[in-house]
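These features come from Swiss-Prot:
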type     : residues : note
COMPBIAS : 790-802  : compositional bias 'Pro residues'
DOMAIN   : 36-135   : domain 'Cadherin 1'
DOMAIN   : 136-247  : domain 'Cadherin 2'
DOMAIN   : 248-354  : domain 'Cadherin 3'
DOMAIN   : 360-473  : domain 'Cadherin 4'
DOMAIN   : 474-577  : domain 'Cadherin 5'
DOMAIN   : 574-689  : domain 'Cadherin 6'
CARBOHYD : Asn58    : N-linked glycosylation site
CARBOHYD : Asn89    : N-linked glycosylation site
CARBOHYD : Asn288   : N-linked glycosylation site
CARBOHYD : Asn297   : N-linked glycosylation site
REGION   : 767-843  : region 'Disordered'
SIGNAL   : 1-21     : signal peptide
TOPO_DOM : 22-701   : topological domain 'Extracellular'
TOPO_DOM : 723-867  : topological domain 'Cytoplasmic'
TRANSMEM : 702-722  : transmembrane segment
Amino acid sequence: MGRGPPAVLAPWMLFLSLAQANFAPHFFDNGAGSTNGNMALFSLPEDTPVGSHVYTLNGTDPEGDPVSYHISFNPSARSVFSVDPNLGNITLIEELDREREDEIEAIISISDGLNLVAEKVTILVTDANDEAPRFIQEPYVVQVPEDTPSGSSIARVRAVDRDTGSAGSVTYFLKNPHPTEFSVDRHSGVLRLRAGAILDFEKARAHFVTVVAKDGGGKLRGADVVLSATTVVTVNVEDVQDMGPVFVGTPYYGYVYEDTLPGSEVLMVVAMDGDRGKPNRVLYSLVNGSDGAFEINETSGAISVMQSPSQLRREVYELHVQVTEVSSAGTPAAQAMVPVTIRIVDLNNHPPTFYGESGPQNRFELSMYEHPPQGEILRGLKITVNDSDQGANAKFNLRLVGPGGIFRVVPQTVLNEAQVTIIVENSAAIDFEKSKVLTFKLLAIEVNTPEKFSSTADVVIQLLDTNDNVPKFTSHYYVARIPENAPGGSNVLAVTAVDPDSGPWGEVKYSIYGSGADLFLIHPSSGIIYTQPWASLDAEATARYNFYVKAEDMEGRYSLAEVFITLLDVNDHYPQFGKSVQEKTMVLGTPVKIEATDQDAEEPNNLVDYSITHAEPANVFDINAHTGEIWLKNSIRSLDALHNITPSGDRTWSLEVQAKDRGSPSFSTTALLKIDIVDTEMLSRSPMAAFLMQTKDNPMKAVGVLAGIMAIIVAITVLISTATFWRNKKSNKVQPVRRVLRKRPSPAPRSVRIEWLKFRRTKAADKFVLREAPPNENCNNNSRGSTPAPQAPAPPPPPSPAPSVGQAPWTVPTVSGSLAPQQPQQPSPKPRAVAKRKAVGSPVQSALVSELRQKFEKKNLHSKAYF
């Protein structure tokens, strides 16, 4: 009994003891972020490439036996990983997709050959930006009435991105922008008609707008990528609607930002009739949920906020929009309802706002006179602009949009608030006659904000007229032609002047003036020029009149035009023969000429034709109808042939000639002409007879010849008399009348005087030179044209030392001889005696004595000699 177990049990007991000593292997738990261990809290990006070594299973056996690794999945799941049983390296064998499978469940096991330890692990698949935005509710087809107001919301596109974070946020823009038609809200995807855009069903029944949805970007395979998607919004322009309304693009979401102004559009709901053939129009209305904060445009479905965002009490508004069809008869039809969610978004941004005296205002009007002074301020405009933001967000620029260069705005840059001043830049462009209304837009646009919010206000200036224009004639000159026989008071022409000013300033009064205006009058209002009632016009006296017409407004501003009036000649004068036509003398073989004049001013009224109306006999003379020359017929070549024509053998013939003008009606005058016919032989025998015969036709010719002969005789007489007068005057100048030369008191003999003159000839000659031309003296006292030189009282004659008998008291000794005393006037000698006396003396000696005498007299006058 005290012995051990039986021997047969010993091997089994040994085996059991050995089995109990072999412990199971286990994994190492290295925690999150480790790439080896038991895959606890292991995550893997979904963009990991297939075949990548992503993890290493790591474990151990307490006995140090080698271990092997295994991984398995649910039968319904994919086998995503494979493992190296010896090394434990896990390799990705299938692509991951977080959006399809964001976690993977697997069973990993470790075995030492005897023991197998298995664990269930969950591998998290992390996001990568591998999903592009995807539009939902495609296709986008919008039915828009062609009368939809510009700026209205017409559709909303919506795209979702299954990525997370910024890679899942979506913004919208137009790929092919339509700057004149559509725009899209970058946050909400609301598609709107641009301001000023108009849809026209007849021009385009459909518009295709490409909208791009772009995510916020993220990592994909180690690189930053931004993915996008596009969709096409088909905007069908509707003409009519008639089926039950159906909302398009539900659900509806809208956003009201802090800077949204009351009356701004938030979003637009769209409903259309299912009957596209001839649809009825629909009307929108808000059923409940707005609390007076929102209104909907009953025709476009545009929902607008009516209160300032600061006055809104809730963050989210759930509105119910009802659409009602209206039949062609105007009665309500089918209805539909849709919920609309509007969220209030808090942003610190306000657009600039214009204020008038009574509050916010977007239209300002002013009346002012045209052409104000340059630099004048438009004080009638009270405009204030304000931006409620702070700092850089409240800085904006001001400018005027409209016809350039007329006005400028001050200031041009504003921070928060400013008083707007508009100043005149171009006074000439502010013209009532060019434009009665000037319209500008005052634009305020932010400077440093990405949104560039702006606002506009209309500035309308009504111009008032002033008298700034001068009446202007339609032409600088006017030309008129009237017949000279026009009666008094006849209309001549009408002048027209236009004054573009309005009212009384535009009324024009006419007047005429000038040297040629005496015979004319002008109507002060109509500008009609007519002749004076008493005027008698005569083209022969004055054929042309020229004067000025004046157009003047009520304040005296005027302009001038020149008027030229030409009188048209009328045949109102008879041809008139001269007096010499009554009798003519014809030399055989030479024609005689008659001449008549017509006082009319113009041709053909003053052109005269000549004819012989009566002659006895009628076959003797011919006449040139144009020149009036009369000659004997070619058959009559001698006086004998002429005498044989009549029994009496007359040499004097009587003709009745006629002068007739070419006017219409024509006037004529007749005259009786006597022609004396002589032969050339008779004239050659007696020149005086020839002359008298020639002057018989023209007595004034003889008078002219006699007057010419008398004129020649008179001219010769005057020429001889003038020559004689100047010769006597020159000779008498050297013999002054009643002048006595007083001798010097020096007792020097005359011989000394002569020697002094002889040896100092050069110096004495200088003294004889006359420094200043003396006036002509009246030596003969026979001319009243010259004034005699002043004379001193005549002193007694100086005593003469022993005058010799017969010596003349007026003798003056000279170098070459003595001067003869002046002889008293005696009766004029006969020409022969004068010639004999002139021949006595030498001409050379007489000339020399005369010259020395003249020089001596000038010398004595220069030395102030006593007389």
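Even glycines carry a Cβ here, placed using N, Cα and C.
Sequence features annotated in Swiss-Prot and their locations in the structure.
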residue	record	contacts (Cβ under 8 Å, 6+ apart)
Asn58	N-linked glycosylation site	Phe27, Phe28, Asn30, Asn36, Gly37, Asn38, Gly88
Asn89	N-linked glycosylation site	His53, Tyr55, Thr56, Leu57, Val83
Asn288	N-linked glycosylation site	Leu319, His320
Asn297	N-linked glycosylation site	Pro149, Ser152, Tyr284, Ile303, Ser304
Legend entry - Model confidence over the domain 'Cadherin 3' (248-354) (mean pLDDT, whole number): 83
